[in-house]
């Protein structure tokens, strides 16, 4: 019976995530449409609200094709792994009560999010296409490069709070958000999450003018839909993660259910809208600019912030002044 409740709890958490992903695709197309002085999808259902379901149905009833020279097992295993990792990480987020609560939950999130690199590289290599492989190599290099800055920023917050537990880090912001007291770190974090999720202006893995569609160029039907769903689930997840560690989670409604869940949802929605605004407003970076930004700008700043944090904590023996 306990296992049944655990499975039901997992499903009750994941179904809203999948619905949020479905409507995020619609919101993105609507936002981009209005920013470009057009309406966006408005035919399927009232105001185009049924468009995500029409798109999903179309993708999943299409024939699943595989290139004749592709690796048969890895080609289909990669999208499944990518999707599984995207959904697994949601269970560690302290929204009301985390489904999986560990003392080292922050390290687990960092480790599991790094595993998505293997799914991307596997899909690029298994397709046996030069465009797929170039896109996969770009994605891996980009993800690994920006994860270093993200890890150093997280290390600074770990030293401030003396904890690896996401719930504790969230509750430590009861009087002030880390986004206010560590504003430069929050800026670096936000831009790095754009690169980590392969979003514009860092979407070089899917540079249409160069490599068609990147690592998923040979995918069609269901496997392509899995990549698409996982990609958008990761966008919402990274913004939820940002809310938890920088924007105080459900504060000021910490103990008031369901207000605490609604507060987290509102903050996450605002950050997701920023992602969409950046996509509409900024052109794509060149690859050398992308690497210059992380290795010569963000990495030195992250290391400097870490050294400053260690110095302040050792000198004063207290947390950073939160104001």
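Yeah, the Cβs are placed from backbone N, Cα and C, and that goes for glycine too.
Owing to the predicted nature of the structure, the values given are computational and were not obtained by experimental measurement.
Here Swiss-Prot gives transmembrane segment for one range in the set 43-63, 106-126: that range is 106-126. Most Cβ pairs under 8 Å with the transmembrane segment (226-246) belong to 73-93, among the candidate stretches 73-93, 106-126, 150-170, 175-195.
Only pairs six or more apart in sequence are counted, and the transmembrane segment (150-170) with the transmembrane segment (256-276) gives fewer than three Cβ pairs under 8 Å, not enough to call it a contact.
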